[in-house]
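For MET1, the entry in Swiss-Prot reads N-acetylmethionine, with the evidence type similarity to another entry. Marked as domain 'J' by Swiss-Prot: 12-84. What Swiss-Prot records for SER110 is phosphoserine, and it gives similarity to another entry as the kind of evidence. Annotation comment: Swiss-Prot describes 135-142 as motif 'Nuclear localization signal', evidence class similarity to another entry. The feature Zn(2+) binding site is assigned by Swiss-Prot to CYS311, CYS314, HIS322, HIS326, with sequence analysis given as support. Residues or ranges marked as ATP binding site in Swiss-Prot: GLY437, PRO438, VAL439, ASN440, THR441, GLY442, LYS443, THR444.
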Amino acid sequence: MDYTLTREESKLLMELLGLPMEQYGNFPLMRKAFLQKCKIMHPDKGGDEQTAKMLISLYKKLESEVKSLNTDDGFSTEEIPTYGSAEWEQWWQTFNEDFDLFCHETFTVSDDEEEGGEKRKHSDEEEPSCSQATPPKKKKTSSAPKDMPELLRNFLSNAILSNKTLTCFLVYTTLEKSSLLYSKLSEKFKPTFISRHKLDNEGLIFLITPSKHRVSAITNFCSNLCSVSFLIVKAVIKEYSCYCALCVEPFVLVVENIPGGLNSDFFDAPQEASKNVSWKLIGEYALSIMCDDLFLLLGLYKEFAVNPSTCSKCDQKVIVDHYKYHSLHYANAMLFTDCKNQKAICQQAVDGVLAFRRVQTAQLTRKQLLAKRFEYHFNKLEQVFSAKSEVCIETYMAGVCWFECLLPEVNMKNFILQYLECVVQNVPKKRFWCFTGPVNTGKTTLAAALLDLCGGKSLNVNMPFDKLNFELGVAIDQFTVVFEDVKGQSENKNLPTGQGISNLDNLRDYLDGAVKVNLEKKHLNKKTQIFPPGIVTANEYIFPLTLKVRFCKIIKFIYQQHLFKSLKKTELLTKHRVLQSGLTLLLLLVFHCDVEDFLSELHPLVTKWRENINHEVSWSRYLEMKENVMNGLNILEKQQDSGIFTQTQDTECQQ
């Protein structure tokens, strides 16, 4: 091999391979280095082409020369005789004559050795005699405690694999390891309080964190530092009692981060506040305003902690949900602000609202549910038209005039009554209306007003079908729904395409309402119910026949320039979203319908608001606003009085 390459070529090759000359001839190592250098020196990898060529040529030359030198050392399998023959025995002896495996050494027999060396046994646990051997890993002592000291068990949680989060923990380990864990826990969790205690040769760490954690989080952090030492971590449920027990014999306090330790006030104040606050009172408030938003309820109730005598919202008397209940809940709100479980209290109150709504859905008829909704709207009118409100009845009556001009040759009063009858009767396969037409023709505006009038939710089905489950789950316990702006295929290239219509075609059981369907929300069990009726709004898309037959009525909207102009000039309607409010349609019904058309329990409210409308808006003023809509003018603009009409006419005789 020394004659395969010259001395200079050998040095150059080893230099290119990045290996010392002592490794020359170590072909496995040289080949590994060669493959690595080829990747580095390849021109495509940014290497030098000439250097790469030099490396490859030298290595190939060495490899070819070495193979040629070793050609005589091998043999062919064809030279081996048949196994078992006399020729094979002779060949086998010749083949092995250079391999002498016999050991010629002699050993002196010791007196301690047993006769027959084959009986000697070596223990697996015998320590190596060589001083350079790796020391064996220490094993955890079998005498390690399996549980917390008995004196402390009454103060600790016995839960196993619990996901509950807490702020107080007790760590039990060796005395030596407790010193390390004390410093590491202080760095990691920035505890409100931490102390280290001693029990014989064992250590305990009492830990209070500023935020809540699972027991597993503390255990996983500490176990990375305890490969040999035993470790037990448990949550503390009686914090002050546990701390006091750790400070008396047989325990010894070693160190704590707060000089003087803790007193009972540190633990008892939040507990006393949570005990004294009335959960029932908060639940009743949420039910009275029908608030199913956890964070809204939390914010509203915190506002009650302000003294009612200095509360600006109570002085203004604009928000009924505030000034009506402030004085009653002031004392309870003061205790509520000191609680650490505010979210849990509000969550229970919100759950009570959802439970009440579900009971109503299960027990009341749809006509009774609609009456409850109308009663809610009548009460809301009191708040909307309060003395300090920016809008008045005339503003909403302007919205009534705009709606009456929305669909030519259609009586809007009869239109709304037919829709109410449709959703109340809820007849299978005759439950959905479809609003279709060009862009900006009022489809969504009317659908939103009807949805607010009856109550319900708007749904988006323009998404992949496998993601619709939770979107449809929004309809749980709702009176009506609106499938808003459903997209599909259209001959109009200006309209975006979508899969909403295809998804609706696959939801026939939902639209028909003949059988119950499964609806689901996150973190809640599936609920089986009849899917609520409602409206589908869409632009000029192509509806398949299988979907058309599931609409009991299809209304085609047309673009009317005077509606667009009048709405643009009457900014008050868009600013306060008058046209999207169910209150506008309710006033339309009160204005045009007889009192007997409503349920008997609503008659006093209907009579009251008919009188209010007649007092605020005369019949002549109503006709004037309607004429402004048809002319594309500001609806609330008053024309010059000609002196012809001098008296206010009652609307009861009209229609």
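Cβ coordinates come from backbone N, Cα and C, glycine included.
Model, not experiment: these values are computed from the prediction.
In sequence order, PHE557, ILE558, TYR559, GLN560 constitute the residues six or more apart from THR441 (ATP binding site) in its chain with CB-CB distances below 8 Å. LYS443 (ATP binding site) counts 25 other C-beta atoms within 10 Å of its own C-beta, drawing on all protein chains shown. Secondary structure from DSSP puts HIS326 (Zn(2+) binding site) in a helix. Apart from CYS311, CYS314, HIS322, HIS326, the residues listed for Zn(2+), the same chain places the Cβ atoms of GLU303, PHE304, VAL306, PRO308, LYS313, TYR323, SER327 within 8 Å of the centroid of those Cβ atoms.
For the binding-site residues CYS311, CYS314, HIS322, HIS326, a Cα to Cα distance of within 10 angstroms from VAL439 (ATP binding site) holds for none. The binding-site residues recorded for this entry are CYS311, CYS314, HIS322, HIS326, and the Cα of HIS322 lies nearest to that of PRO438 (ATP binding site). Around HIS322 (Zn(2+) binding site), taking its Cβ as the centre, 17 other Cβ atoms fall within 10 Å, counting all chains. Cα spacing between GLY442 (ATP binding site) and HIS322 (Zn(2+) binding site): 35 Å, rounded to the nearest whole number. The highest number of surrounding Cβ atoms within 10 Å, among the binding-site residues GLY437, PRO438, GLY442, is found at GLY442.
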